[in-house]
């Protein structure tokens, strides 16, 4: 590609709507990195005569980052949704062979090609909303071959779509049926066989665990973290979603990239996260879908200065959500986040939750030229509208990879 000067734009370079430039320009090198950003009147002489792209006064933000998803899995669970609406309990659905076990079964039965096809359909609407980086977890295979297949598909999505994919091994997501009553033995399998094999194949960027009464205990979670540490892999945790239990504090002790959900997080956990630099990833889609009533402790997170990120938590059981903009709206409406917090939560703070703050979430010299162009008069509209297509163009590595008027 050729070096380009993008001009006639309003710039929110670092995901903060309180830090913008009204008449800005972005100089992008031929290798897809940013050479310079700033006021149009201050363009350095070396870039003035570069070929130009006129954005007609549109807002530009960093490409959005969806930092918590379960995008790869077999099938879907709309039938269970209908059953729950008819009054059937989750426990009864599980007794009938539904719930997470049904997704595990569908994922194990699906070919790699089928998993890719289904995940690609879920990914496309996110890309059309300006997402340029995404995390994808395993965790619906719960045995080596299927977990490998999920992570391979996640890697393939990053190779075949214009998006940076970060993979997370979530073998400790649930207890597979064949290990019923033998949770410690399954954790042995995760730590001693699955994680080493998948890490050796280069399929794992981070390791996650579901620490909860219906998931894995603190002791079991710590074993997974120790196994990750032996491999030099960063960790993250599903913590305090359904009950308090010290999961976030444990995650902080291992300097986790993030602790996610956090509805039942207490002040000790918040303080530990602040001390360790662990990002709080809030998932309002799941909160909404399961009709949760206990909100994450937003005021405590603010008071302690813990960075807040937002993510779709796309998954078939509790958050079949493929819109990061709707996630922003939910974060503001349900959790009372400000527009500033919501936009930072899907840019700079979301990138930090992936350990990728030096690559994504901000537009600065030397970084990838990944940005979204918006049809909006103000940045508040990104969190205000839902169901309205606002993203006009997506640029990845300096190249336009999506344009609404070109579809």
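Note that Cβ sites are derived from N, Cα and C of the backbone, with glycine treated the same way.
Sequence annotations record features per position, and here Swiss-Prot assigns Fe(3+) binding site to 68, 70, 238, 313 based on sequence analysis. DSSP assigns residue 313 (Fe(3+) binding site) to coil, not to a helix or a strand. Cβ neighbour count for residue 313 (Fe(3+) binding site): 27 (other Cβ atoms within 10 Å of its Cβ, all protein chains included).
What Swiss-Prot records for 68, 70, 238, 313 is Zn(2+) binding site, and it gives sequence analysis as the kind of evidence. For residue 238 (Fe(3+) binding site), the same-chain residues lying six or more positions away in sequence with a CB closer than 8 A to its CB are 208, 209, 210, 211, 212, 215, 247, 260, 261.
Shown in sequence order, 100, 137, 138, 139, 140, 142, 208, 209, 210, 215 are the residues of the chain, 6+ apart in sequence, with a C-beta less than 8 angstroms from the C-beta of residue 173 (4-imidazolone-5-propanoate binding site). The feature 4-imidazolone-5-propanoate binding site is assigned by Swiss-Prot to 77, 140, 173, 241, 318, with sequence analysis given as support.
Annotation source Swiss-Prot lists N-formimidoyl-L-glutamate binding site at 140, 315, 317.
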Proximal residue to residue 68 (Fe(3+) binding site) among binding-site residues 77, 315, 317, 318 (C-alpha distance): 315
For residue 77 (4-imidazolone-5-propanoate binding site), the one of 70, 315, 317 that lies nearest, given that the binding-site residues are compared by Cα: 317
Cβ-centroid neighbours of Fe(3+) site 68, 70, 238, 313, 8 Å, sequence order: 69, 137, 260, 261, 283, 286, 311, 314, 315, 319
Cβ-Cβ neighbours of residue 77 (4-imidazolone-5-propanoate binding site) (radius 10 Å): 22
Candidates 70, 313, 317 (binding-site residues) - the one closest to residue 241 (4-imidazolone-5-propanoate binding site) by CA: 313
